[in-house]
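Peer 1: Got a structure here, written out as structure tokens. Questions coming.
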Amino acid sequence: MLHKSKTYQVNIKNSDPDTSERTYPVWMIWKKRRYVVAIMTFFGFFNIYALRVNLSVGIVAMTTKHEVKLENGTVTYVREFDWDSKVQGYVLSSFFYGYILTQVAGGWLAAKFGGKHVYGIGVAVTGALTVISPFAAKQSYYLLIAIRVIEGIFEGVTYPCIHAVWAEWVPLLERSRLAAIGFSGSYVGTVVAMPVSAILADRFGWESMFYVFGCVALLWFIAWCIIVSDSPSRDPYISNSELKHIQESLGEQQVTRIAKHPWRSIFTSISVWAIIVAHFSENWGNYTLLTQLPMFMRDALHFQLASTGIMSAIPYLVVSVVTPSGGHVADWMLEKKIFNVTQVRKIFTCGAYVGQAVFMIMAVYILTPAGSITCVSIAAGLGGLIWAGFGVNHLDIAPQHASVLMGISNTFASIPGIISPILSGYIVTNASAHEWQTVFVISSSVYLFGAIFYGIFASGELQPWAIHVEDDVMDQGHEEHKHEQNLAPTSS
């Protein structure tokens, strides 16, 4: 009762017609609360990927031989952590052991309680654990693996639960662009984290990268709790016109908290499996780059540590620009009715995968610094288009269950994070170009399979099994609304 009363008061407070968003220039995005949410989400994903990739650079510094002068004056070269390629593979993949466990749980929690707090806590705990990672590594790699597994457990809820936030905040024809703004933070986080981690390791020791990025994540969590609200109706700063715009755009797809999902229909839906296969395929290539690119540049292109971090960031700089641009183009195609939703999702997903397959193969056969970096950058850039493709397809086919669908697809898509680094560790034992070619050819083959499957079976239409539940929920919502009207005062 108190919760409903609070929502009612917020709506009355923002009923001033002077707050119409039409009076603000387009560039004043901070006046539009849905864009504020997207930007805060951007920085959330920035932290998520900064926390995830710093070990990819850190492990290079931790296992590279460095000069040590003994007491008798003898100079020798030793590695601080004498881990072979197989141990490194297990350390790099350990994050995903935990990450895969909480995907569906994260989606369910967000659908039941809302995405804001689940998302924020996931980032905050991961940041805190990152701060203590150097201590864990110095005890044993088993303890470091355990810490990374726990990090994965908490970070595993973030992608699924953010779909619950999009379902509350994002109008139908702005899904691609606003989601792309938020998700592009993951690529910008990688762009920043890789070179900064290399510089921090080079100047202040490898431990510093974990301290810096862990503390930044904790500061973001404080800002997230203060600035972002669970839904538009609970935001004390949203204008009445923006609230009305969001609600009218979503119409019968407005989300309410539910605990029941049509599990059988979900797992027997070919449209859901198209998303799962596409997500698995994208993450195989993405996690191969994320975890192996610094070592590929060291082994095949012979870059030093500082150069490795900087050059590894270039592909993610490209994708951080492509991602929001692709979102705008996709929404423009829908607004102008050039293509329907299904066609847009297939064009952006399948087009990206075919291009990525081609350029990843070229990268390991050219094997010149400029040529390989260019090809990898193009491949990564094309990957940014998927957030206007399958990345928001969950919201198209079942918005009420989007967070759970994202949890399911990301569960399967987390498997490459476990398998790919370990498989690479077993393939790349001599650091030869031929071994790296095998790794990248496998990734390209997975991309092509994903393009074919998604191109045949994907759909952008609201699914029949989702429509029935949506209507039931809306009927319940209308009854609650009538009850609120009966309790509301007759004068302001």
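Cβ coordinates are placed from backbone N, Cα and C, and glycine is handled just like the others.
So TrEMBL says this about it:
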type	residues	note
REGION	1-20	region 'Disordered'
DOMAIN	33-462	domain 'Major facilitator superfamily (MFS) profile'
TRANSMEM	35-52	transmembrane segment
TRANSMEM	90-111	transmembrane segment
TRANSMEM	118-136	transmembrane segment
TRANSMEM	142-166	transmembrane segment
TRANSMEM	178-198	transmembrane segment
TRANSMEM	210-229	transmembrane segment
TRANSMEM	263-281	transmembrane segment
TRANSMEM	301-323	transmembrane segment
TRANSMEM	344-365	transmembrane segment
TRANSMEM	371-392	transmembrane segment
TRANSMEM	404-427	transmembrane segment
TRANSMEM	439-457	transmembrane segment
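So where do these features actually land, and what's packed around them?
Peer 2: Within the model, the domain 'Major facilitator superfamily (MFS) profile' (33-462) shows a mean pLDDT value of 87, rounded to a whole number.
A Cβ distance under 8 Å defines the sequence-distant neighbours of the transmembrane segment (90-111), meaning residues of its chain 6+ beyond its ends; these are 52, 55-56, 59, 83, 118-119, 122, 141, 144-146, 148-165, 257-259, 261, 287, 291, 400-401, 403-408, 410-411, 414-415, 417-422, 425.
Same-chain neighbours of the transmembrane segment (178-198): 34-35, 38-39, 41-50, 53-54, 56-58, 61, 162, 166, 169-170, 209, 212-213, 290, 294, 305-306, 308-310, 312-313, 316-317, 319-320, 323-324, 326-328, 380, 384, 387-388, 391-392, 395, counting only residues six or more beyond its ends whose CB sits under 8 Å from a CB of the stretch.
Sequence-distant contacts of the transmembrane segment (210-229), counting only residues of its own chain at least 6 positions beyond either end whose CB sits under 8 Å from a CB of the stretch, comprise 33, 36-37, 40, 43-44, 46-47, 50-51, 54, 58, 116, 119-121, 123-124, 126-131, 133-134, 193, 196-197, 200, 235-236, 238.
Proximity of distant same-chain residues to the transmembrane segment (263-281), defined by a Cβ-Cβ separation under 8 Å and at least 6 residues beyond the stretch ends, is recorded for 349, 353, 386, 389-390, 393-394, 397-398, 401, 404-405, 408-410, 412-413, 415-416, 446-447, 449-451, 453-454, 456-459, 463, 465.
Below 8 angstroms of C-beta separation, residues 176, 278, 281-282, 285, 296, 300, 326, 330, 333-334, 371-372, 375-376, 378-380, 382-386, 388-390, 392-393, 396, 433, 436-437, 439-441, 443-445, 447-448, 450-451, 454-455, 458, 460 of the same chain, each at least six residues beyond the ends of the transmembrane segment (344-365), sit close to that stretch.
Note on the transmembrane segment (371-392): residues 166, 175-176, 179-180, 183-184, 187, 274-275, 278-279, 282, 285-286, 289, 293, 300-301, 311, 314-323, 325-327, 329-331, 344-353, 355-356, 359-360, 362-364, 454, 458 of its chain, located 6 or more positions outside it, place their CB under 8 angstroms from a CB of the stretch.
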Peer 1: Which one, 35-52, 118-136, 142-166, 404-427, has the most C-beta pairs under 8 Å toward the transmembrane segment (439-457)?
Peer 2: 404-427
Peer 1: For the transmembrane segment (118-136), give me same-chain residues lying six or more residues beyond its boundaries with a C-beta closer than 8 angstroms to one of its C-beta atoms, as numbers and ranges.
Peer 2: 41, 44, 47-48, 51, 54-55, 106, 109-110, 143-144, 146-148, 150-151, 154-158, 161-162, 164-165, 206-207, 210-211, 213-218, 220-221, 224-225
Peer 1: The transmembrane segment (35-52): which same-chain residues, six or more beyond its ends, come within Cβ distance under 8 Å?
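Peer 2: Result: 29, 95, 119-120, 123, 126-127, 130, 151, 155, 158, 162, 165, 169, 178-179, 181-190, 192-193, 213-214, 216-217, 220, 223-224, 227-228, 290.
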